[in-house]
Amino acid sequence: MKVVNLKQAILQAWKERWSDYQWAINMKKFFPKGATWDILNLAEALLEQAMIGPSPNPLILSYLKYAISSQMVSCSSVLTAISKFDDFSRDLCVQALLDIMDMFCDRLSCHGKAEECIGLCRALLSALHWLLRCTAASAERLQEGLEAGTPAPGEKQLALCLQCLEKTLSSTKNRALLHIAKLEEASSWTAIEHSLLKLGEILANLSNPQLRSQAERCGTLIRSIPSMLSVHSEQLHKTGFPTIHALILLEGTMNLTGEMQPLVEQLMMVKRMQHIPTPLFVLEIWKACFVGLIESPEGTQELKWTAFTYLKIPQVLVKLKKYFHGEKDFTEDVNCAFEFLLKLTPLLDKADQRCNCDCTNFLLQECNKQGLLSEVNFASLVGKRTADRDPQLKSSENANIQPNPGLILRAEPTVTNILKTMDADHSKSPEGLLGVLGHMLSGKSLDLLLAAAAATGKLKSFARKFINLNEFTTHGSGESTKTASVRALLFDISFLMLCHVAQTYGSEVILSESSSGEEVPFFETWMQTCMPEEGKILNPDHPCFRPDSTKVESLVALLNNSSEMKLVQMKWHEACLSISAAILEILNAWENGVLAFESIQKITDNIKGKVCSLAVCAVAWLVAHVRMLGLDEREKSLQMIRQLAGPLYSENTLQFYNERVVIMNSILEHMCADVLQQTATQIKFPSTGVDTMPYWNLLPPKRPIKEVLTDIFAKVLEKGWVDSRSIHILDTLLHMGGVYWFCNNLIKELLKETRKEHTLRAVQLLYSIFCLDMQQVTLVLLGHILPGLLTDSSKWHSLMDPPGTALAKLAVWCALSSYSSHKGQASSRQKKRHREDIEDYVSLFPVEDMQPSKLMRLLSSSDDDANILSSPTDRSMNSSLSASQLHTVNMRDPLNRVLANLFLLISSILGSRTAGPHTQFVQWFMEECVGCLEQDSRGSILQFMPFTTVSELVKVSAMSSPKVVLAITDLSLPLGRQVAAKAIAAL
């Protein structure tokens, strides 16, 4: 008999009662090679014939089972065929189908093309929907049977359905395939969710607890599929997290003016990467704040820390609250953190002793005000702290000294009021404004107000108002002597305040983002061109120091001939710009014997007698001038600086003179610090009793900086946390040695560690140290140091466990942090670096080649192109094609290029025939990437990994899990889903 079609062949086999293997042999004779059985829909044809009657045809079913066992038909074709059966009233047919599914549902596989693997995902999704519908139908029948008094048939079928459902869903591989299918077919997943809800309603009335709990387990497994990548266990066995501690210390010490959002994101990044529970995370923030308060040097730094702790950190926590689901849960976590903090009585007592008050109470009040604590918890915590507090502290508190926390909290609303006052028209009541400014200068008011403004993000606005005021006072027309003196004072106070702000908080705070065409204010011009700063070398012969000669001559005459400075009609900005050239004339006259020392004293008294800003401008030029002089030529210039730095003992000075001189001396001391160290000179500035430059000149003399670096890191590692002083030393070393030197030497120290607990601590500390300039350090680490270690076989031994694991962890943390933040603004402490030692990454990885560099592409292609996937879309896939290219990520960005090249190197290592510690390192690196991911790799560093790396990675035993494959592929792309499906289906 000549067979015409598949249906006839099946019927002939049934009529002639062929055995299953005989059927298979004959089928292969009837249908010669060419079309596959799946294309001919063999599974569907067999099921259709087997399910014609009220009960299934056992012989035809045996053919199907044989076809499944001998892989004549694919799993996906069988699942698709089963899901088309919808007459659930035929018990025996349903049971037969469940038996067939039971044969292979926990060991699905597909070794074909990527499209076939995606087909398996879709078929499994259809089968899951069918199982849910079948379970719901069985449950309804059971209910009807219970009402009729015949529950047995329905109960048996429901048990079989749930058993098959649980077996299918228990496999992580199946759930991973369903995860991909959900992304491929969102509408089908919605149908599954509806079926699950319907099933839940039906089973709610079920009396059998065993079946109900089994159904609940299945429901939980289905609901977990969309979020199967976001489950991370938190570190409950640890109580100290040095990275958070160091990050807070770094921000409080060096970046008070920084925006809050980048800090919030960085803290959340660390919390996620290190899996820190929220209460311990908040506790670590508070601990670091109290340590900062205790160890901060007296004066401005102490006020900065107080503002950081009491004004900025509560606001940071308010922003952090938005990242957590459930506001109530977060307030409970904050309460829990305070409960832990109250157990650290010695720390809190020491802080109270330092600040002369109950520090915790002030903090609790502020958190309560910000809605971070409930009233009940607030009252309970205050009561506990009052009971635990050392009674001697209360008695030793000095009632005459107002504590800094209280002063800072009161200063914050004052800042707002001053900003409003400064908005008024200055010409209407200059005397009233002068009164406000004069009050600001007294005692430590100015530093308090500046710290409060810095911590609340108002300092830039504050500085802008003073620049506008300074600009307003540069000209005077038709003024009386009184008006002229008020104008001179307003100019002087605003100038001194702005200099003080620039030196204390960085010149970035002062600079405006002025659009082209706008006139740059006088103070900004002077600060950028004439003001000495750390790391800024000024040319004393620069045109900015050489103004109009007629103005200079008239100023020299005024200084030399007048008994005191004139005020009326004085253009103070011109005087400030002319003073440098005037000083040069006066110096030359002195050195050539034209002027005697008494005349110089009279001139310097004139310069500083009315407005201190003239003295500041004069010293600014003298500092630049002294740098250029030989050892024997400096004496007179330094003597002139000494003359200008001393106060003037005269009754004929303008208002607030003593207060202005204090600020002037602080400014001059900062200006002269570098040049005095370089010239080994001492100038005694009038002391205020407080070290105005506590973190300056910390490096020990005559010691190689590499020794200093290794020593400081060893001490930090031994202690387990970074203190403020160490942060400043490390920052100086980073400035001095450059990023490559700094990063390379610290990585060498890490690779020397052999104790596991020490390497983990070292990584946590190094990450926080690298935050001094995370972007540049990451470029060096991923672009130079890691490739050097991975490609040089003589260095592979250093990548053994534990230091290798630690380095992989550190590299991933740095990469993730830099990648997540590099689209935002660099922090103020990173922007002010002037560096020539970083290579230009665009020239390192040439930009004309929009793919990653040629060298890396050569490395990544293997001899036998085994990486190339076999479907039509796969064949066209370049071995370096990655999700980042499909997302059209900007490859001109240095970090993107470095990441792309690193992942190509990783791909080549995995595809090479040589295994070693470097291969193990790559595995640890990828494991850490997966461990740190939130939901999927879209937009993370893994988008730079070539798609072909996935098939290489699953060959590594530790990485051959469905969850890992889902994590490392970009499932938002169809190609990413195909790659993931192919890799998972082959596991």
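For all residues, glycine too, the Cβ spot is worked out from N, Cα and C.
Range 855-859 is the one annotated as motif 'LXXLL motif 6', of 660-664, 740-744, 855-859 (source: Swiss-Prot). Check Swiss-Prot against the ranges 128-132, 488-492, 768-772 and you find motif 'LXXLL motif 1' recorded for 128-132. What Swiss-Prot records as phosphoserine, among SER296, SER871, is residue SER871. Of the candidates SER794, SER853, SER860, SER940, Swiss-Prot records phosphoserine for SER860; the remaining residues carry no such annotation there, which does not rule it out for them. The stretch that Swiss-Prot tags with motif 'LXXLL motif 4', taken from the ranges 555-559, 810-814, is 555-559. Sequence-distant contacts of the motif 'LXXLL motif 2' (344-348) (same chain, six or more residues past either end, CB-CB distance under 8 Å): 287, 290-291, 294, 359-360, 385, 388-390. Mapped onto DSSP helix, strand and coil, the motif 'LXXLL motif 5' (786-790) counts 5 helix, 0 strand, 0 coil.
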